[in-house]
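These features come from TrEMBL:
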type: DOMAIN; residues: 15-328; note: domain 'Glycoside hydrolase 35 catalytic'
type: ACT_SITE; residues: Glu162; note: active site, proton donor
type: ACT_SITE; residues: Glu238; note: active site, nucleophile
type: DOMAIN; residues: 376-487; note: domain 'Beta-galactosidase 1-like first all-beta'
type: DOMAIN; residues: 516-575; note: domain 'Beta-galactosidase galactose-binding'
Amino acid sequence: MPTSALRFAIGDDDFLLDGEPFRILSGALHYFRVHPDQWADRIVKAREMGLNTIETYVAWNAHSPRPDAFETEGRLDLGRFLDTVAAHGMYAIVRPGPYICAEWDNGGLPAWLFERSGTGIRDSEPTYLAAVEDYYGHLAPILAPRQIDRGGPIILMQVENEYGAYGQDKEYLRKLTELNRRIGITVPLITVDQPIDEMLELGSLPELHKTGSFGSRVGERLDILRRYQPTGPLMCSEFWIGWFDSWGGHHHTTSADEAARNLEELLARGASVNIYMFHGGTNFGFTNGANDKGVYAPIVTGYDYDAPLDEAGNPTDKYWALRDVLAKYAGLDSAGGPDEAPGPRRAEPPAVGFDATVPLWQVLDVLGTPSVHEQPPTADELGHYRGFMLYRTEIAYRGAAILRFEEVRDRAQVFLDRGAVGVLARDHHDRVLALPAGDGASRVLEVLVEDQGRVDYGRRIGEPKGLIGPATLGGAPLAGWRVQPLELDDIEPVAAALREAATGLEGEAPELVVGPAFARAVFDLEETAADLFLDTSQWGKGVAWLNGFCLGRYWSRGPQRTLYVPGPLLREQGNELIVLELHAAADAQVRFTTSLSLGHTEV
Ligand code: GLA
């Protein structure tokens, strides 16, 4: 247990803890994806699985939504998280990026960074490096005193993340290494790369200990890693035991037996490991990332990852299979472990109707201030980095007309005089929409654009959102836009409008939710310790909030069918659910299920 100051070092063959060989048996758990009241539960379960270390990334953009902010409250209290790790007798590995990938919005890089043209991305360009330095300045008082040689749990820190898959600016890696040392990081520094020659070559420096990211073909991968890291301990610092899901895809699962066999092979070779993920958690709010390898593919809200603990923190078959392997290396009693029975469960509360709905158009004035522009600006140009933008202009045309945008990022709902006329989707490469025949009269064109999550891997990191480039109608540029970013960080103003609308209805529940609209439901619970799973399978596409907390996005496209509601968010009386439905609900009822429903798997 890390109570007194110890030295952690890299020896000729092993990691050394106060001079003694030490094997790292770690599991990934991102504090920012789990309710803070549940951190301890997950950490204890990691220890009971046979792990001795918890690894976390740091998501810079979560802490710094604006350049002048560095937030460390609640789910972002990294210091408290590391103290909880230590309090349960575990060590910690911290991977602060600055780029983290992680299926997280923009791979963790704040979108505001790229407002100034010419700002570097993951290289030694001065404006970028100055911002990184500022970020590390905020991390210093949290991380430096919590290193093992100062009595804390941190044994390793990582520099960048799979840099060999992206860049070749060794000066950048040198600057990051110096920066770590300058803020007082004394523990060994590692890099992680996929075991591919070029990546291992480009992604590190001689003074950084190289580790690998992979989930199969263990022997072959360790051999490749060994060629680039000829001495010292071998480590798979991202041992992929599952995978993430994207909207429109299937829910990924992998074999528990195979994961256990691969882990056995890794440990039998004497390697150290970080299981990615031990517990994935949830992309609450608008925090999910996306991939784009030719087709834009946003990540779903759940980050279950088919991990040993599921999205709700319950041990899965994989937990027990991996525990069996770890038991002999960790000296565990093979019959022990957490209760086989899943955590507290409740009978789901009865379905409730919505008690009010208000069209989005009616609450625009509480969602921010519009501004006027000749050409449609991007969301980023207005300093708005997540969620929705509303663009409005007036048009008049006769007969058929084609509306065209250079690009929509990422999904645009088009309205004429508030009537829906179509959707343009980035993942379909949609750019044009045929409008219903016009009669020459002036009509209000409104385009509601959703940023579905910034790309987290590859060259598209840092790209702006909203409407991109000129908009034209029948080839002529559309000018005179009124543009409003929708401020949804605080849902209370919308909640207040809904409460007022509910009073007007005097208990008569609306039977239809016609989007885009907000809807509200209220329910009581007999016990509040247990989690709930909001069943979104009858709704279209939107976002849900519970007691003011944004649970994330839902979408009939799937695969995900439920939104996870952590028990600590709930209360006995007057739980308030608010939904922004963009299209329509097939059933205007709020239902909960007793377990996660992450959707169909590949057959
Ligand atoms: C890479 C990255 C991680 C994560 C995984 C896939 O290894 O380093 O952040 O994106 O891929 O889950």
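From the backbone N, Cα and C atoms, a Cβ is placed for every residue, glycine too.
Secondary structure from DSSP puts Glu162 (active site, proton donor) in coil. For the domain 'Beta-galactosidase 1-like first all-beta' (376-487), residue counts in helix, strand and coil come to 6 helix, 73 strand, 33 coil, using DSSP. Of the active-site residues Glu162, Glu238, Glu238 has the largest number of other Cβ atoms within 10 Å of its own Cβ. The DSSP breakdown of the domain 'Beta-galactosidase galactose-binding' (516-575) into helical (H, G, I), extended (E, B) and coil residues amounts to 3 helix, 29 strand, 28 coil. Separating the Cα atoms of Glu238 (active site, nucleophile) and the residue listed as 'active site, proton donor' is a whole-number distance of 10 Å. DSSP assigns the residue listed as 'active site, nucleophile' to a strand in the three-state reduction. Per-residue confidence over the domain 'Glycoside hydrolase 35 catalytic' (15-328) averages 98 (mean pLDDT, predicted model).
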